[in-house]
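Here is what TrEMBL records for this protein:
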ACT_SITE  A:261  active site, proton donor/acceptor
BINDING   A:260, A:264, A:290  Zn(2+) binding site
């Protein structure tokens with residue numbers, strides 16, 4: 001029965017991989033007029049996916065294995081994962097789901113129009129619809145403590161509002177306090193050298209140099225392409241691709257973007273081959289995925305040790321940095337500047353952008369905030385936490401596309417990744433005593449191996465909460481991330 | 001019923017397009033270690049295709065429409081096409097087909113090994129197997145006059161050995177005679193300037209310049225990439241892609257390769273939108289497809305008028321041609337040199353390479369030649385027709401991969417394309433009186449439009465024989481191609 005079940009799940013994986021190839025190609029290669037037909041093909045394949053996952057056979061498999069005792073961890077996780085998908089899809093009426101998909105696509109288009117026109121009123125009726133849809137999703141799927149928990153569970157299985165309220169409020173307060181201190185600091189940081197001209201070709205070569213040191217195999221098991229928005233995707237563990245977007249007037253964007261996506265890609269490349277055909281050969285949650293990308297991008301990639309190895313190489317490649325010292329460079333990539341746009345935020349303020357969205361969408365789903373009052377609530381939170389206020393909705397509530405297609409519950413992953421990462425690093429430091437020396441020598445093998453053994457190879461066998469407990473012996477806590485931020489920024493800004 | 005039928009056929013098209021995207025990506029982008037899994041996904045999708053095409057529903061559609069009278073051309077062709085696929089697949093036992101697919105892949109690998117080792121004995125047992133498989137295919141599908149007809153019909157619906165024997169023997173004799181005359185010519189043609197250094201970038205820009213003049217839309221409805229072997233593929237009529245392979249020490253390869261693939265691509269881009277969902281939105285046969293690619297590559301692309309427009313541009317771009325006159329250049333791209341390798345052959349001798357393969361595979365399928373005697377027979381025909389003899393099987397019978405996976409019946413398309421093309425041009429000359437002036441002015445719109453209206457837009461609505469009759473009022477004949485060759489090469493070589 002297990003081999004039959006695996007054979008069935010393998011088909012689902014094949015279909016998923018086929019859709020991933022078509023989507024990657026749509027984003028990287030498809031000519032403008034070919035996109036409509038590509039959408040039709042993807043729609044057809046999604047329908048086939050729906051049929052496979054809701055087939056009566058799936059129910060037979062689930063019932064059979066739920067009556068078996070002594071399942072091993074992997075088989076157990078495999079059954080639970082399929083059961084969750086099956087139940088979710090079965091509980092949602094097909095007509096409702098199709099109508100939602102159609103409306104989500106209309107809503108996304110309206111959002112784009114609204115953003116370009118800087119006019120929230122264009123988006124408002126669509127956003128109201130999306131909030132309603134998601135509340136109905138919760139009704140269909142049911143909830144225990146908080147309606148929003150059901151939505152969170154789609155991206156971060158097992159996480160709850162109760163837990164997030166606790167850790168996010170601690171993080172929020174700590175960052176806000178740190179920001180106030182930084183305001184009083186007399187350290188001034190120069191960043192103008194980042195916006196000189198950096199040729200695409202040079203950026204590409206240097207990014208590849210770093211990524212190969214970090215052990216992302218983009219030669220025989222992956223590739224790097226260009227797309228409007230950077231992303232990572234995979235079709236089997238031996239074909240994991242990242243994309244980037246080069247800006248020739250900014251050194252930072254593609255560089256840190258590549259390291260970030262590289263973190264996602266290394267995770268996928270490291271997943272155990274044995275998990276193919278189980279539905280578990282993927283990252284266990286968006287939050288754990290972000291913990292890997294943000295570990296590479298920030299904890300490693302914005303550390304002094306990292307650049308004490310790479311900066312001399314950067315200076316060789318880029319004469320633009322000739323007169324800039326390592327210390328200046330290090331401070332420049334970590335300059336704190338409260339700002340309006342999430343995707344341009346520095347490492348410190350980034351989490352605040354995410355927490356604001358978390359707080360707002362939680363209120364929307366629980367009828368504590370109306371869509372019409374959203375722009376005002378948005379602006380107030382930016383003022384309160386970051387001390388800045390959008391002068392237009394395009395720079396405020398309209399900046400991200402997530403809400404336009406109803407992806408409520410997704411944003412927290414970005415901040416959770418920071419927390420998971422910092423908590424893991426405390427254990428990594430114990431297991432690799434000369435961790436920081438290794439980084440400063442450009443030796444990332446032990447780190448990579450640690451992540452592979454503790455996180456990556458397990459794929460989705462363990463839920464995020466189980467995984468973090470297994471690795472650190474503790475539940476998710478905010479203190480490690482807060483301590484990390486305090487230490488790092490106190491040094492940079494000479495805080496007492 | 002028709003809309004239900006179209007909906008069903010649309011699904012088959014979606015699946016075909018999905019497979020085409022995955023195959024294109026496998027050839028252009030997939031990293032080495034990702035290829036095995038890609039093969040698995042494609043295998044799964046082929047299985048889904050098999051299920052769709054052999055479903056009982058298809059039989060219901062076929063029976064229904066076969067009982068309807070007064071079907072329009074398109075619906076009629078649509079039903080006939082599906083019926084053909086359905087019957088073919090239903091007649092071949094599934095186990096037999098799967099075993100054939102497996103053995104074909106083993107045989108291809110053996111062929112590659114044999115070619116590299118220059119040792120026919122490695123390939124021999126596999127080729128024997130492939131010949132046997134194809135004879136069994138014929139048994140399952142049945143035949144009327146000649147076993148080989150059944151195989152021809154897979155690539156060139158309706159063509160027969162009887163017809164090919166007639167036209168190919170005429171073409172063969174005419175070329176052989178022309179070659180003998182050329183041997184006595186005192187015209188000597190210099191070609192060494194083609195093998196100077198031509199940067200990939202320059203070649204790419206110049207190829208794109210030509211292709212855009214020829215009206216292949218590779219911006220909004222297609223793209224040009226690189227792959228080991230050039231090919232054309234499409235996913236819907238608005239995403240038609242070609243590939244090429246640049247050699248920096250040869251100007252000709254990528255240039256004429258691009259024009260050739262461009263011909264295929266223009267065909268696909270021009271197919272009427274109304275044919276989507278009918279299974280007919282594709283070229284009607286391999287031979288007609290080759291007629292378009294070879295028309296663009298040879299009849300246009302190796303004509304004096306074509307280069308009287310493009311050569312001044314080529315000289316601007318490539319100082320390598322500075323001291324070479326248009327006449328020298330024109331003769332150089334048309335230099336006749338009997339040689340051993342089909343894909344490197346000049347326009348004149350090319351058809352002979354194909355006819356040799358036709359004659360040999362016809363004998364193999366009809367038990368008139370044993371595989372063990374194939375190398376000797378091959379070498380004898382090269383000696384007889386071309387006056388050259390391979391010193392090794394790698395340069396002889398092992399050079400092409402087609403036989404290794406059992407693609408008997410495919411080769412004739414290449415030569416048929418030449419015949420169809422020359423026959424069409426006689427009508428085009430009447431319809432566009434200033435045809436050659438237009439070419440020499442770099443104006444290809446009337447030509448393109450003529451092909452679109454007469455050939456391209458019809459997709460697979462008409463079988464090749466119907467189409468050529470519809471366009472030219474005559475059956476396929478060899479005389480137009482023979483006259484074209486005689487005229488062209490008599491001028492170039494000053495023959496009397």
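Cβ coordinates are placed from backbone N, Cα and C, and glycine is handled just like the others.
Positions of TrEMBL features highlighted on the structure.
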residue	record	CB count, 10 Å
A:260	Zn(2+) binding site	23
A:261	active site, proton donor/acceptor	26
A:264	Zn(2+) binding site	25
A:290	Zn(2+) binding site	27
Cβ-based neighbourhood (8 Å from the centroid) of the Zn(2+) site, residues A:260, A:264, A:290 excluded: A:232, A:261, A:263, A:289, A:292, A:293, A:294, A:296, A:297, A:417
Distance [Cα-Cα, Å, rounded] between residue A:290 (Zn(2+) binding site) and the residue listed as 'active site, proton donor/acceptor': 9
